[in-house]
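Chemist: One structure, as structure tokens, below. Some questions next.
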Amino acid sequence: MQSRQSSRTRLIPILDKETPPQRTMSWDTLNPFGPRWTSADRKRAGVFFLSVVVGLASGSNYVYSAYAPQLANQLQVSATTVNLVGLAGNFGVYTTGPLWGKIVDSRGQKIPLLTGGLCCLLGYSLVHAFYTHSIPIRSSSSSDISTPRLAFLMLSMFLTGAGGSAGLASAVNAVAKSFPDATRASATGAVLAGFGLSAFLFSFLGHLVWPGDSGGLLGLLAVGTSVPMLIGGLFIRPVFPEEARPEYEHLDQDEPGVEVVVEDYDSPALSRTTSLEMSRSIDLSRSRSPARGRDPHHPHAHAHFAPLPHPSHPSHPSHPPHKRSQSLSSLPPTSLHHSPLDILQTPDFWLLFTILALLCGTGLMYINNAGTVVLALGREGHMQFDREKISGWQAKQVGLVSIWNCSGRLIGGFYSDFIKSKYRISRIWTLPLVSLLFIISQLSALSTTHASSLWAVSSLLGVAYGALFNVMPMLVLEWFGMRHFSQNWGWTSVAPIIGSNGFNLVFGKVYDAHTVGKIGYPSGETPPDLDLPLGDSVQEAARGFLEAAVGVVKRAGGVPVPDDGSHDCLVGNHCYTAAFQLSSLACVLALGLSLFAGVRRERMGRERRRVLMEESGQLPPDGVHV
């Protein structure tokens with residue numbers, strides 16, 4: 001009887017000699033009802049479509065800047081306060097990521113999607129109630145803002161962010177598990193692109209149907225974000241691909257941080273327990289990474305991966321070494337099992353975490369305050385301004401950021417895949433390019449002095465932000481594995497909380513420091529109570545007084561909250577220059593860290609290859625002279 005063989009070793013997936021035939025592009029391959037499509041293919045296409053729709057519904061947090069100035073005007077609050085409300089939404093997106101990731105990894109998509117849909121419905125409905133003064137922000141018209149009611153408004157925004165996070169985690173997880181390695185990045189990129197396009201979709205529809213009325217936009221958000229998630233919760237489930245099981249090359253050396261146990265399934269002693277053990281193992285059948293050479297001793301292997309704090313020595317040094325052509329980092333994501341506790345102890349995680357905090361904080365500062373930037377530039381030196389024109393510019397910036405955010409997620413994915421497959425350049429080298437785009441966008445913002453020229457800033461920042469959120473999840477997937485991907489990415493996504501909180505608060509403080517209440521009115525301007533409400537014409541004045549009268553009815557107590565213009569900033573780009581100078585420095589730091597991360601990974605790869613060549617006899621050990 002053949003004895004059971006077991007060793008702690010390294011595995012490199014090898015493709016079978018017979019590869020499945022490639023499908024040629026034809027109507028049969030595109031027609032889901034054609035003979036070339038199986039039932040599983042149709043289910044997979046349905047899951048993909050619903051996941052993209054859920055992605056579109058999940059990114060509504062980025063549309064906040066389209067209605068934030070109007071919300072501040074309705075509630076008569078400062079820029080710092082309205083930024084705190086926006087930060088609550090970001091806080092909901094990123095702090096709940098680990099929780100949703102844990103639920104998705106262990107329980108599937110149903111619970112997060114249904115819960116997320118209800119969170120979005122309730123959250124946006126409550127924000128709409130505050131906007132229309134159905135829930136007043138003040139206990140009385142003449143008093144200061146009620147702290148408990150402000151906290152309730154922030155909780156409402158938190159719910160909208162938490163709901164969006166649940167939708168995205170569920171959709172990305174379902175698509176990532178439904179597609180093979182060859183198309184997984186493209187498929188998940190489409191879901192992420194939908195997430196990035198969400199702001200443009202809702203902003204465009206809101207401005208089209210309710211121009212200048214953010215109340216209608218908030219109502220649209222309540223329905224448009226919740227319904228797709230509630231429907232998706234009933235139907236979105238992973239449809240696992242069927243692929244040939246690869247063979248594996250046997251190596252005696254270990255890579256620091258991972259332990260592999262190989263068991264020979266040719267042994268009769270294992271034949272009775274193979275199925276049970278296989279059900280507990282990594283699903284290696286989806287691995288597609290090629291390598292050279294085959295191990296004749298283990299044609300069918302079963303692997304268990306566990307993190308190790310330090311490199312271990314081979315358990316069986318008597319095994320002959322085998323030649324390999326790739327570094328150990330080429331193991332597919334399905335072969336890695338790094339848990340959140342494991343990655344928290346690695347420098348790689350903290351490098352990604354810091355870079356994401358700096359760049360995402362910069363991006364969210366502009367995204368959340370684009371409407372305020374437009375307002376500052378559009379009304380420079382004047383108390384009166386065309387509200388509808390300003391609203392149109394605000395919607396345009398939100399739309400541009402959203403479109404280029406979507407494009408950046410697609411472009412970033414295609415570009416990183418191209419340089420990796422064509423030129424063998426690691427995906428980490430995409431991060432310095434993304435950081436450089438962020439720097440250019442911030443310098444453009446500092447030099448822009450008119451609202452009509454903000455399109456360049458919005459476009460540059462949108463594509464950089466989108467590319468960042470395509471590259472980062474793929475790095476987490478490649479470096480730490482598929483099994484805990486949703487949790488690992490959820491913990492990595494906590495980084496934007498730090499960045500966005502810091503940069504948004506800085507923006508609010510800088511803006512408030514340049515308001516009329518702090519520095520007074522520009523020369524030649526008169527206080528708002530001496531001016532016509534909305535313009536110079538009698539018709540506009542009458543319309544302004546009518547809207548003021550309607551406001552009296554809407555506000556609690558029947559008396560309008562005085563608007564003396566003390567929260568308005570009339571000095572153009574000086575309202576926020578210091579904030580963008582700080583964000584520019586942060587992006588330069590992120591560029592340096594990205595270059596360091598790339599050099600570090602390359603050095604680790606060279607060291608692994610050197611050790612492998614030494615053990616295979618191709619290179620003499622250190623200290624041995626030939």
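Quick reminder: no glycine exception, Cβ is built from N, Cα and C everywhere.
Quick paste from TrEMBL:
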COMPBIAS  271-288  compositional bias 'Polar residues'
COMPBIAS  308-318  compositional bias 'Pro residues'
REGION    271-333  region 'Disordered'
TRANSMEM  45-64  transmembrane segment
TRANSMEM  84-101  transmembrane segment
TRANSMEM  113-131  transmembrane segment
TRANSMEM  151-175  transmembrane segment
TRANSMEM  187-210  transmembrane segment
TRANSMEM  216-236  transmembrane segment
TRANSMEM  349-377  transmembrane segment
TRANSMEM  428-448  transmembrane segment
TRANSMEM  454-477  transmembrane segment
TRANSMEM  578-599  transmembrane segment
Chemist: Excluding the flanking five residues on each side, which residues at least 6 beyond the ends of the transmembrane segment (454-477) place their CB within less than 8 Å of a CB in that stretch?
Modeler: 172, 176, 185, 188-189, 192-193, 196, 333, 352, 356, 359-360, 363, 366-367, 370, 373-374, 377, 393, 396-397, 400-413, 415-416, 427-428, 430-431, 433-434, 437-438, 440-441, 444-445, 448, 485, 488-489, 492
Chemist: Would you kindly check 84-101, 113-131, 187-210, 349-377, 578-599 and say which stretch has the most C-beta pairs under 8 angstroms to the transmembrane segment (428-448)?
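Modeler: Answer is 578-599, with the largest number of Cβ pairs below 8 Å.
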Chemist: Output the single range from 45-64, 187-210, 349-377, 578-599 maximising the number of Cβ pairs under 8 Å to the transmembrane segment (216-236).
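Modeler: Per the Cβ under 8 Å count, 45-64.
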Chemist: Does the transmembrane segment (151-175) make contact with the transmembrane segment (578-599) through 3 or more Cβ pairs under 8 Å, each pair 6 or more apart in sequence?
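Modeler: Per Cβ check, the transmembrane segment (151-175) does not touch the transmembrane segment (578-599).
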Chemist: List, by number or range, the same-chain residues at least 6 past the transmembrane segment (578-599) whose CB is under 8 A from its CB atoms?
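Modeler: For the transmembrane segment (578-599), the sequence-distant neighbours (Cβ-Cβ under 8 Å, at least 6 residues beyond its ends) are 348, 351-352, 354-355, 358-359, 361-362, 365, 426, 428-429, 431-432, 434-436, 438-439, 442-443, 445-446, 499, 503, 506-507, 510-511.
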